[in-house]
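Report on one structure; see the data block that follows.
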Amino acid sequence: MTFQNKKILVAGLGGTGISMIAYLRKNGVEVAAYDAELKPERVAQIGKMFDGLVFYTGRLKDALDNGFDILALSPGISERQPDIEAFKQNGGRVLGDIELLADIVNRRGDKVIAITGSNGKTTVTSLVGYLCIKCGLDTVIAGNIGTPVLEAEWQREGKKADVWVLELSSFQLENTESLRPTAATVLNISEDHLDRYDDLLDYAHTKDKIFRGDGVQVLNADDAFCRAMKRAGREVKWFSLEYEADFWLERETGRLKQGNEDLIATQDIPLQGLHNATNVMAAVALCEAVGLPREALLEHVKTFQGLPHRVEKIGEKNGVVFIDDSKGTNVGATAAAIAGLQNPLFVILGGMGKGQDFTPLRDALAGKAKGVFLIGVDALQIRRDLDGCDLNMTDCATLEEAVQKAYAQAEAGDIVLLSPACASFDMFKGYAHRSEVFIGAFKAL
């Protein structure tokens, strides 16, 4: 990819935007910076990092009118905005940091494992990275999981990696055309980000872009959208909780199997919940696709401790177990968390719903939830979508109130589950802050 005689505008000045500016400047590209809102102190801060950098703010169209050839977008900005659509129609190119990394790894020959899905992608990315490291590979873990990919590349000073393990969101895949992963997965598709996409099919089509190239596809046989992503002539590894597949769960014995071969008992997997069995199957399939030995992978799975805020037991009081799934920010994630827990539940739901339909939670909660506690700006919408179910629903002004009321109703053996199915920004700084408040409320009981 050449940028000779090209002017590039980087839009969005968070971590990803800054990493793109640094990469492009290092490669001698003429680059400027844009953000819809720029405070003087932020300009001063970034200006210290990049001498002479030109800043634009206000309307994006006005910035683009300054002769830019390429728009490098941070993932939080949709390329479907009218100003960006007009820029493309006039011959402008739009790309993101994953497209820039793709050019690097394609030229250098690094292996890439790429992971997306509505739910579980951070857990699978962390597990795959952990397994690769444990098996001795020089491994880079980056992307939506936290470290921008170009920041990770800069830290390595251009050194080739044995494997890149990338968590990719639909936002990052929108303008990624050249990535050709050695192995890739779409773990599942459920309603999320429907405030950005036309419908669920539109969202699924964006996820499907991860399968460009001729690498191994790892697909969920239990998900109709994922089944439809199978490409002709490609090697595919299927995983399933419902059917005999390449990787599957034998429910009678509680063992994961590969074909007819025993792999590991679910009781030996340190991660809570049945949905994590699918995460393990996907991770092992991805790692085998880059040549790692199965026996070593299964031994290392047993020592992986998982991630905070993802179906994580935080404590127990008088026999009532409290589980933090604050990262459950959409309906699919919450449904999976509920399905993976066997004891009676009191579930705390609510926050910013992102345009989701909450009716799929009706079946998930039926027969398992003894009570539902609603918080946040979209509590009323959730109540409407669950109306008519045989559920005891209680509106709460705060998360602390929800914890107190749930505990007051619970008995020994019950679970109080925070799995909101919503984003957190109406009441909290983020899902981690929401988790902190939940843990604090538990400790205060």
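A Cβ is built for glycine as well, from the same backbone N, Cα and C atoms used for every other residue.
Features of the protein shown, as given by Swiss-Prot:
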{"type": "BINDING", "residues": "G117, S118, N119, G120, K121, T122, T123", "note": "ATP binding site"}
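Structural mapping of features recorded in Swiss-Prot.
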{"residue": "G117", "record": "ATP binding site", "Cβ contacts under 8 Å, 6 or more apart": "V124, T185, V186, L187, N188, I189, K207, N220"}
{"residue": "S118", "record": "ATP binding site", "Cβ contacts under 8 Å, 6 or more apart": "L187, N188, I189, S190, E191, D192, N330, G332, A333"}
{"residue": "N119", "record": "ATP binding site", "Cβ contacts under 8 Å, 6 or more apart": "L187, N188, S190, H275, G328, N330, G332, A333, A336"}
{"residue": "G120", "record": "ATP binding site", "Cβ contacts under 8 Å, 6 or more apart": "L187, N188, H275, T278, N279, A282, A333, A336"}
{"residue": "K121", "record": "ATP binding site", "Cβ contacts under 8 Å, 6 or more apart": "I115, N144, E167, L168, S169, L187"}
{"residue": "T122", "record": "ATP binding site", "Cβ contacts under 8 Å, 6 or more apart": "N144, I145, E167, L307, R310, K327"}
{"residue": "T123", "record": "ATP binding site", "Cβ contacts under 8 Å, 6 or more apart": "L271, N276, N279, G306, L307, R310"}
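Take the mean position of the Cβ atoms of G117, S118, N119, G120, K121, T122, T123, the recorded ATP site; other residues of that chain with a Cβ within 8 Å of it are I115, T116, V124, L187, N188, N279, A333. In the three-state DSSP scheme, G120 (ATP binding site) falls into the coil class.
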